[in-house]
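Peer 1: The structure follows.
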């Protein structure tokens with residue numbers, strides 16, 4: 001009975017956060033409006049159905065896997081101003097510093113526990129410990145992160161974005177792994193790093209997310 005109650009609460013939270021993401025997208029206007037019922041040619045319910053979150057495996061220690069259902073993966077969200085993602089955190093793992101330039105993000109913790117942080121434009125850091133059933137919002141464009149500090153428990157999160165494709169700018173990959181590469185001396189002067197450190201970072205195999 002308790003598990004049924006939790007499932008019902010999770011459903012209510014998900015519905016609420018999707019509504020908030022939807023109305024937030026109307027206010028922010030990050031996606032273009034459509035003048036038809038759907039943003040794609042819909043011929044059956046299958047066009048509005050995404051199954052990519054089914055049976056995703058737990059992640060090993062130190063790894064985070066994100067399954068996006070943006071417009072590129074799930075065309076059904078085109079024109080809707082919303083899109084979800086499912087995040088699987090292995091033990092002792094971090095979703096490192098990043099921003100979403102085209103939409104705010106709402107997190108609901110389905111399982112496990114995470115610490116989250118946001119840095120605003122005045123360089124203030126806001127943090128919170130998120131437990132199962134908790135909801136947290138990340139404003140559009142602000143740098144943020146999440147970390148699973150547990151050595152024994154994984155964590156699963158459902159996210160909703162106020163855009164059909166909120167985008168992601170990841171640090172440090174978007175600084176050190178650009179194509180073509182940013183010139184070494186520019187990074188050295190910007191971050192007060194020596195040449196050897198910059199070249200080592202450029203050669204690093206950073207995790208990347210769509």
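Any Cβ shown, glycine's included, is placed from N, Cα and C.
TrEMBL annotations: computationally assigned, not manually curated.
These came from TrEMBL, pasted as-is:
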- 95, 100, 105: oxalate binding site (BINDING)
- 98, 100, 105, 144: Mn(2+) binding site (BINDING)
- 103-159: domain 'Cyclic nucleotide-binding' (DOMAIN)
- 1-29: signal peptide (SIGNAL)
Peer 1: Including all protein chains shown, what's the count of other C-beta atoms within 10 A of the C-beta of residue 95 (oxalate binding site)?
Peer 2: 21
Peer 1: What does DSSP give as the helix, strand and coil breakdown of the domain 'Cyclic nucleotide-binding' (103-159)?
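Peer 2: Looking at the domain 'Cyclic nucleotide-binding' (103-159) with DSSP, the answer is 0 helix, 36 strand, 21 coil.
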Peer 1: Write out, in the order they occur in the sequence, the residues of the chain not among 98, 100, 105, 144 that have a C-beta within 8 Å of the mean position of the C-beta atoms of the recorded Mn(2+) site.
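Peer 2: Near the Mn(2+) site, beyond 98, 100, 105, 144, sit 99, 138, 142, 143, 166, 168.
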Peer 1: My understanding is the cutoff is Cβ-Cβ under 8 Å with a sequence separation of 6 or more in the same chain; which residues meet that for residue 100 (oxalate binding site)?
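Peer 2: Residues satisfying the criterion: 138, 140, 141, 161, 163, 166, 167, 168, 169.
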Peer 1: Which residues of the same chain, at least 6 positions away in sequence, have a Cβ lying under 8 Å from the Cβ of residue 144 (Mn(2+) binding site)?
Peer 2: 97, 98, 99, 116, 117, 118, 119, 138
Peer 1: Can you name every residue in this chain, apart from 95, 100, 105, with its Cβ inside 8 Å of the center of the Cβ atoms of the recorded oxalate site?
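Peer 2: Counting only non-site residues, the set is 98, 99, 138, 144, 159, 161, 166, 168.
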Peer 1: Are there residues of the same chain, six or more positions away from residue 105 (oxalate binding site), whose CB falls under 8 angstroms from its CB, and which are they?
Peer 2: 137, 138, 140, 159, 160, 161, 162, 166
Peer 1: What number of additional C-beta atoms lies within 10 angstroms of the C-beta atom of residue 98 (Mn(2+) binding site)?
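Peer 2: That number is 18.
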Peer 1: What is the pLDDT of the domain 'Cyclic nucleotide-binding' (103-159) when averaged and given as a whole number?
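Peer 2: Summing pLDDT over the domain 'Cyclic nucleotide-binding' (103-159) and dividing by its length gives 98.
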